[in-house]
């Protein structure tokens, strides 16, 4: 086992604090509407430019291992806040740095670290309760757009686009962000259920110019096995022909004779038909077919359920207003399933999302939920150069997470104001002893840090602004750094999601509390490599053969 290097007490804390400061100082320049960019070197290609706190934090790795431990702990704060709320990572980093700094001073002055930490914990819980009590529900589309705009660094176009996407796909719908090849940023909304399987044969196409198959008010047959012959299907095919409506077949696969027969019938005009493979694999495929059945008001033809192809009637088939099939995707628009059944299925999938421990499964379940509940919106981010597109995509991602958080837990006054005024709630707290009281004071001081930093990044004096706001004492009164003026933050449209503010403080205090109570640090001792031996001299040439 390699030898270890151990540091104790103030030595350990000084090193750790240095690491915290390096990381936090790099991250906090990005805070606020006038925050600056950070340029990150990449091992290949152009450097990356970003204003996203967690992206900056992830890139920082220090050469001194003890300093690096401090930096990695604060990186954890940013990462945790990003995972939980999707935004607020820079605020969390600024708060963590402020709590650690003040905490280190308290410990150096001889206070009991555990009591100081208890004081911090009590204060944080009080502040969180206070912020929640002042939270307002998001009621209008404009408020959603404002939250998005603030998170996208004042770019109103992004805020509006996200609000529009959320309006179209609903709160359960999925909004994805992709890089576009064009200059413009655009929104593309797919209503209904879309899955990534296209037509099995180009002969199914109904619109040759666009190479798509469009079926108006079709019947939909959902079959979980492979279709290799059509003999068993003849009764249902005849019934569909009688009804003069098109048919979509979704099966594990349609091969050989079955596919050839369908294509021939389609070309002769006897039967308007298209066939696609079912999405997913294994159990997930079964679940997705079941989703489609509920959405379209049909049944999955499955031998597990005792249903055979020969016995299928028209009533067992699903129906939809329209189905559009391209070579890569199939979209079912306006399925005929009952609202109650769809709602029950949504509740069931939500329960599975709560229970699952796998991130991959959770992601897939959320996709299924979105397809059932509303649809999928894609924001394609454009720009003049690849660097610009990547920078903007970071901001759109942040804005999207922030708006989701706002819908979930409501909104509070932005610009660090909600945290600043929460200091009033701390006045009512009574501490058990002096050290705990100091812990409460640490949080009181730290809550001023975001407002100070936002003002500083905008070129104003943070202390003066904090003083003015506390003097005024109105909970929504703040400083709009973008315009350089004081006023009601809600009227300015400067608002933050409650969830983001809460998560930033809780995550910052959690890690900062651990750093304050650290008394020893253990790191690998670098092994000294033995110096390379001197090269041997030239040998004589006596043994050479000629």
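Every residue gets a Cβ built from N, Cα and C, even glycine.
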Just to be sure I read the record right: 30, 31, 32, 33, 51, 87, 88, 89, 90, 91, 415 are listed as binding ATP in Swiss-Prot. Which of 334, 341, 496 is listed for the same site?
496
Which is it, of 507-526, 527-546, that Swiss-Prot names as region 'Disordered'?
527-546
Out of 32, 88, 415, which has the highest number of nearby Cβ atoms, where nearby means within 10 Å of its Cβ, if these are the binding-site residues?
88
Within a 10 Å radius of its Cβ, which of these binding-site residues (30, 90) has the fewest neighbouring Cβ atoms?
30
Name the residues of the same chain, 6+ apart in sequence, whose Cβ is under 8 Å from the Cβ of residue 51 (ATP binding site)?
30, 35, 36, 37, 38, 153, 391, 394, 395
Three-state secondary structure, residue 88 (ATP binding site) (per DSSP):
coil
